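Peer 1: Quick one: structure below, then a few questions.
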């Protein structure tokens, strides 16, 4: 009883519990929207939506300059210095807002070309244009949420995520039912922009956005993360987009829809890992002052999070056919063959993520870029090789082998911290 009480009083347990509720809500939202998509657009439509989702991820990373980790790091450092925090927040918001307007302009001009490349059709050009119009507001919402993360407002951040997901679900289901594939694409890139109004209300007291508070030095500090972000948050989605289009060329949009289905399932449970790391562990890594302290954070993660995650993966694997029928329709039955390798890849990805965040926490730019380029190159080559041999199953085999290699490379690089006595 004493041990149980001690565990439940730990900050990690409290954040873990709140995060679990948030992830559960996201899962329910994903389940309902995924079921609606499967019923209304089928595997072919899911293949198109998968391409659009990957493209939008790339677009988001370009528009934010991959600054999320940089914002979290500096807000965490400046949260006790009101003057620095005010100037940093103002500089970040102004910079990213105007940069996103530039990106939106390019997106609007080349909307037809983008639609044809992603969907083999000009029918979705209006969706690209709508996305260009709301992108700056979507980015503003992103900035405000990231500021809350840096301030370690865990409860508020998770509550906002829950509210956001519920609102997005209500709008998305209606749009998908009425506009099919176009509606699904719209729900990914346009609907989430409504969160800017809600997040602005909660972070307003931490904002003093004016040109007087704009400081060039904070732009330069954010740009220090740009090279790292280009290596991971831009190159990786671009490679994934290429692999998806390659799969469509070799197989079909329908087969790509099977891959999109397993990716959606993976995204559901990986939310558990990515959210707990970004909300709880990354701010601690950013403020740690010694290798011993960093090692303790790593150990905390591997002892508390990974075992739970592993058990969840095992249960999911044996229930995979039930899950497919629950989340999608009978036409997605071939997805069952993709589970094993996808879960192997996700397990090693989960173990790699906490180590990878250390690069951002300590601004280890050069080694991170080299490692990411090597890693992404391995992913590209292995995936193309295995797609040619195994078809869609080759996508998940390449993914799994890539993350096994990536994890081993991280262990080698951080051996002085991990194995420090």
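Count begins at 1; order follows the chain as displayed.
Cβ from N, Cα, C; glycine included.
Those TrEMBL annotations? Automatic predictions, nothing curated.
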Peer 1: Quick one: which of 265-283, 284-302 does TrEMBL have down as transmembrane segment?
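Peer 2: When 265-283, 284-302 are checked in TrEMBL, transmembrane segment belongs to 265-283.
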Peer 1: For the transmembrane segment (225-245), which partner among 304-328, 368-390, 396-414 gives the most CB pairs under 8 Å?
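Peer 2: Per the Cβ under 8 Å count, 368-390.
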Peer 1: Go through the chain and flag residues at least 6 beyond the ends of the transmembrane segment (340-361) whose CB is under 8 A from any CB in it; none is fine as an answer.
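Peer 2: The answer is 69-70, 73, 225, 228, 232, 262, 265-266, 269-270, 273-274, 277-278, 281-282, 285-286, 288, 294, 297-298, 301-302, 305-306, 309-310, 313, 316-317, 367-368, 371, 393, 396-397, 399-404, 406-407, 410-411, 414, 417.
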Peer 1: Under an 8 Å Cβ to Cβ limit, what residues of the same chain, 6 or more beyond the ends of the transmembrane segment (304-328), are close to it?
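Peer 2: Result: 12, 16, 31, 34-35, 38, 261, 264-265, 269, 272-273, 276, 335-336, 339-340, 343, 346-347, 350-351.
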Peer 1: Using a Cβ cut-off under 8 Å, which residues of the same chain at least 6 positions beyond either end of the transmembrane segment (368-390) come close to it?
Peer 2: 227-228, 231-232, 235-236, 239, 242-243, 246-247, 250, 356, 359-360, 397-399, 401-402, 405-406, 409-410, 413
